[in-house]
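Participant: Swiss-Prot lists these features:
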- H12, H14, H197, D278: Zn(2+) binding site (BINDING)
- H14, D16: substrate binding site (BINDING)
- E200: active site, proton donor (ACT_SITE)
- H221: site 'Important for catalytic activity' (SITE)
Amino acid sequence: MNFKKLPKIELHCHLDGSLRVDTILDIAKKDNIPLPSYNKKELINYVSIMDDCNSLDEYLNKFFIPNKVMQTKENLKRIAFELLEDVAADNVKYIEVRFAPLLHVEKGLNIEEIIESVLEGIKEAEKLYDIKGNLILGCMRNMDIPSAFEVVKKGSKFIGKGVVAIDLCAGEEPHFPGKYIEVLKLAKECGYRITIHAGEAGVGENVLEAITLLNAERIGHGIYIKNCAEAYKLVKEKNIPLEVCPTSNLHTKAFESYETHPFMDFLKDGIKVTINTDNMTVSNTTITKELEMLNKFCGLSIEDYKILYLNAVEASFASPETKEILKSYANEITA
């Protein structure tokens, strides 16, 4: 089955986890940014999972170097443009790029400049390629609560101009949603859609609380609902889409193999799952690679993929007009 030729949708892709290694090298040389190595083969080991990774926290260490080259307007615009260029080459028709603006203030940029630069890169790529993109703003759970309010408030002026949603990301502690009730209440009032990283690192109850306390419309990962019957039931009853990222889940040791990943069980039980990369560079993956692995190890069929694709259309935060265009591509999904 040629998954490369099929239309695709990406709902969970981190900008700072999806840079070209060549671009990291190029910017580092241009801006005099120190790197542990300027040899591409050696540098890959610092920004990608090559052999083994023991935890989510270890996985997150791979973002340190990419963020060093994402501190100017020019670089942010370029990196956003290149991401859309890369996924368009993989026949992705729509992508929701997510990033945390406060990771890019080291050289004095303000939040508005940071968001604007990324949006410019997205819009430039849209003009050249058959792809549409939107932006999800991330609030870092390892920063203080006032910083989350700052992102919500300052990012709100871009709602309707390319920004569609708010997210909570970084390491996952049990019962984190309770700390962010007021932040997400404000986000909802501002008009953001809401997707929350939860149930990625062993705590299924976080998914339950993300939905009940934070009004999450989608869940990033959510795989540990398998260990929390109440969360599983709520996700199924409310038809909450899960942004599943299989290779990333293997890298963070959520599961030992594709065969033991609960994705197919969720799909067969009617859970609204979507397939995503999480971080193309860190996990050395693409949507096509994800689908090929699921086909090889889990028996993913063309019929299954059509369900996944239409799930992603429905789950997306795209405009009604864009959703209609995306639905029309489903006719191309044939073996």
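Using the three backbone atoms N, Cα and C, a Cβ is placed for every residue, glycine included.
Structural setting of the listed features?
Facilitator: Annotation note: H12 (Zn(2+) binding site) sits in a strand segment as assigned by DSSP.
Non-local neighbourhood of E200 (active site, proton donor): L56, E172, G220, H221, G222, I223, Y224, N249, T252, A254, each in the same chain, at least six residues away, with C-beta under 8 Å from its C-beta. Secondary structure at E200 (active site, proton donor), as computed by DSSP, is coil.
Within 10 Å of the C-beta of H221 (site 'Important for catalytic activity') we count 27 further C-beta atoms, all protein chains included.
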Participant: Could you tally the C-beta atoms, other than its own, that fall within 10 angstroms of the C-beta of D16 (substrate binding site)?
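Facilitator: Total other Cβ atoms inside 10 Å, all chains included: 24.
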Participant: What is the total of other Cβ atoms whose distance to the Cβ of D278 (Zn(2+) binding site) is within 10 Å?
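Facilitator: So the number of other Cβ atoms within 10 Å of D278 (Zn(2+) binding site) is 29.
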